[in-house]
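> As annotated in TrEMBL:
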type	residues	note
BINDING	Trp73, Tyr80, Arg81, Tyr82, Asp139, Arg165	substrate binding site
DOMAIN	117-217	domain 'Fe2OG dioxygenase'
BINDING	Asn124, Arg125, Tyr126, Arg208, Val209, Asn210, Leu211, Thr212, Leu213, Arg214	2-oxoglutarate binding site
BINDING	His135, Asp137, His191	Fe cation binding site
Amino acid sequence: MTGDLLAGLAPPPPTREEIGPGAVRLRGWALPRAVELLAAVEAIAAAAPFRHMVTPGGFEMSVAMTNCGAAGWVTDRAGYRYAPDDPLTGRPWPPLPVAFGDLAQAAAGAAGYRDFQPDACLINRYEPRARLTLHQDRDERDKGHPIVSLSLGLPAIFQFGGLKRADPVRRVTLLHGDVVVWGGAARLFHHGVLPLKDGTHPLLGKRRVNLTLRRAW
Ligand code: SIN
Ligand code: FE2
């Protein structure tokens, strides 16, 4: 009887899915630690507030950003770079919480990248309609290290393309707790986030928060 019932059920969704050469989505990977991660993000934002940075071309980004770790990613009219201090406060970025480093290292390991030790975490906050156009992460010194991206809150459609901007783009849904790791052949692949759809998340309301852990220096 149970067998018949179970046979009618769809199999559980895969937890590890290749989205490119050297790129994987780990479905729900950060879910058990989501509340702890969000509390840490709140503490970081109290010391280094979210702000809308300006691109070198003079456009204000729709995504609000802050950082933690020894290196923080910044953009202004002078360009994209990593900086030890928060330009808004003049103080060093808040330290990288141990939980962020542990989780990123474990996720990188699950994706096949051993011994990942991030020194930077860019925290992106999206509200409905906020988006991130296709770009490459190339301000890090050694591209041998992967990028680990952790998503919380409202779902997003992540675009994952190729080395060339015009390469075909795959659309990957990222839900609360999902982690994406890309490195190796995919390390410099173009990626972005489509305009966030309106919605309400039980923990984050009308927001999505994404953490990308990197080895910048
Ligand atoms: C990023 O490319 O830095 C962020 C990607 C995301 O928000 O999922
Ligand atoms: Fe990126």
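Backbone N, Cα and C define each Cβ position, glycine as well.
Annotations in TrEMBL come from automatic prediction, not curation.
Neighbours and distances for these, please.
Here the Cβ of Arg165 (substrate binding site) has 12 other Cβ atoms within 10 Å, regardless of which shown protein chain they belong to.
DSSP assigns Val209 (2-oxoglutarate binding site) to a strand in the three-state reduction. Cβ neighbour count for Val209 (2-oxoglutarate binding site) (all protein chains, 10 Å cutoff from its Cβ): 25.
Annotation note: Asp137 (Fe cation binding site) sits in a coil segment as assigned by DSSP. Here Asp137 (Fe cation binding site) comes close to Ile147, Arg187, Leu188, His191, Thr212, Arg214: these same-chain residues lie at least six apart in sequence, with C-beta atoms under 8 angstroms from its C-beta.
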> Spatially, and counting Cα to Cα, which of the binding-site residues is closest to Leu211 (2-oxoglutarate binding site)? Options: Trp73, Tyr80, Arg81, Arg165.
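For Leu211 (2-oxoglutarate binding site), the spatially nearest of the binding-site residues is Trp73.
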> Is it possible to get the count of other C-beta atoms within 10 angstroms of the C-beta of Leu211 (2-oxoglutarate binding site)?
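Leu211 (2-oxoglutarate binding site) is surrounded by 25 other Cβ atoms within 10 Å.
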> Ligand 1 is in the model; which of the binding-site residues Trp73, Asn124, Asp139, Arg165, Leu213 have a C-beta less than 6 angstroms from one of its atoms?
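From Trp73, Asn124, Asp139, Arg165, Leu213, counting a Cβ under 6 Å from ligand 1 as near, the near ones are Asn124.
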> So which other residues, same chain and not among His135, Asp137, His191, have a Cβ within 8 Å of the centroid of the Cβ atoms at the Fe cation site?
Leu132, Leu134, Gln136, Arg138, Phe189, His190, Gly192
> Tell me which of the binding-site residues Asn124, Tyr126, Val209, Leu213 ends up closest to Asp139 (substrate binding site) in space, Cα to Cα.
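Minimum Cα distance from Asp139 (substrate binding site) across Asn124, Tyr126, Val209, Leu213 lands on Leu213.
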